[in-house]
């Protein structure tokens, strides 16, 4: 079957591209998923997230189900439990609760998700095998042999690399280049330490972002809205008016850390006229969000209030109570309306809040629960803000942040804009629009929110990515991930510690199985096509699909969990297809964090293209282009949106590791030549994305960075 593609360097007659899939396997595309025999099919108001490779195809597969799926986006559906037997070959069941449906539920729903109950398995199921059988005949793309020349990278100093860029610009933006959690803190800290960089600012988003920083004494601080520069003497830190803030949470969780550590923030932390995240915004988030889709920080609801001009800003709290009451009363209509539609009482809301906190992680604060219980909710909030904010002597100073940043630039000082989340989590990016945050967290969004004159002041973007173990947390498509984004939540795994400690605990063995068996022809250039085989990994706890094993092992071994939610992040390969667009929009500079992880890998992988394949033969129209089975999407082609990306499978280029020549700061001699594997990886990323790599992270400490000569 001829391959159809969209733009790029190659056409349908290029060697290794035409007839990308074996016609004997794909003619007519007969493969289609079927629910397990005897189970009730899920009925939803929209297509389920089509992660086909994890669908249980037959009754034999279904017999091994024991997961505890959570709620699917905005719907609850009935599910028949086939069996709660442990995963195949296991000695004992995993410590996740089996799903139980309430057949007598008057609403016709249950607490279980039929899609995930029938779709996800720990082991390799028949559906995964069928997908692989269709793709295994894909002809190797010529790009798998690129780049032909491996660059040599030499180490240089901070002063001769990063600081030259800082000194040539007025506004420096540090931005996430993937889906957040890229390790931006090191680069922020390095830029902030420059003598001319006097102002560090957060200019949008809210406490759904999170970063961990350490002071010189080694004390740990976890900040969400507070800029990282608070720990550096002589720096002024700002939270701009386009940010959204829960001032009670900000005082209780962030400012209290500074107070307890004896850090004087009075002349170093300033807050603009931010939009206020109220308790009802957080409850709206809880009541209206799908499992694993939100940090429960009220982001979407408060941005809704902001756009509708119905909410309150910080200045309202510091002025007359009557105006505050009227605005709160009007804005709260949305909350009361949702309770009415869902037929929920205050007691129901309190119960749901306590259920959310039942595992010991406080996702819904006490004062939010107290609000839900309050009879006069408006008066409750007026008093809450009067006592905890307006009359709180510890509340930081307020100012016109835009004016102060502009004044600093006119004095010749540098301004650092600390980007929350990332490019692909930005609400302004249509590709992942349904699973993004609610602010524009691209570099363009940062600059717009700062309200600094981009024609007057010279700006630069420092993009940050992470490899190996590029990760995403939350729902949505991510073709390069080892498992679907909702895989962990479907097992009722809310935090990293919910993962059974003995499961896939031998990271060394798991990664070896992936690269040895998952890519059986990796050493044969004529046969390696970059498609991962659905092989299995076994340990004393059971047998697991290699993608599942790598997802669990990576999350545990690398400590990959959300800084805010503690949810396990889903790891995968560095994605050149996605980063090419990031580089086009806000490149070319890139720093790669955590590259010393590669010291423990036999090989490292980078996704250089996707192949579109839907066993049902489903076609997806994106921006007027219809994606069909066999389409190849290369780095440099337009990135399709999520409806198509759910059907995309990664084509992975493998690069030999550097175990014998580790780069970790604790093991490497400064200025020692970088291993060939590192140079090959960096060369591949630069080749496929056109970026310019400034530095690589090689350890946990703030100064564990190798700067590269340009």
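The backbone N, Cα and C atoms fix where each Cβ goes, and this holds for glycine too.
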Same-site residue for GTP (record: Swiss-Prot; known: 180, 181, 182, 183, 184, 185, 186, 210, 211, 212, 697, 698, 699; options: 325, 327, 569): 569
Further binder of IMP named by Swiss-Prot next to 181, 182, 183, 184, 208, 209, 210, 211, 295, 309, 421, 437, taken from the candidates 494, 525, 567: 567
Pairwise Cα distance for residue 208 (IMP binding site)/residue 180 (GTP binding site) [Å, integer]: 11
Surrounding CB atoms that lie within 10 Å of the CB of residue 186 (GTP binding site), all protein chains: 24
Number of other Cβ atoms within 10 Å of the Cβ of residue 181 (active site, proton acceptor) across all protein chains: 25
Most distant Cα pair in Å, residues 180, 181, 182, 183, 184, 185, 186, 210, 211, 212, 569, 697, 698, 699 binding GTP: 21
Inter-residue Cα distance where the pair is residue 182 (GTP binding site) and residue 210 (Mg(2+) binding site), in Å: 11
Nearest of the binding-site residues (183, 184, 186) to residue 568 (substrate binding site) - Cα to Cα: 183
211, 295, 421, 566, 569, 698 screened against residue 181 (active site, proton acceptor), Cα within 10 Å - retained binding-site residues: 211, 421, 569
Cα proximity to residue 182 (GTP binding site), best match among binding-site residues 295, 421, 566, 567: 421
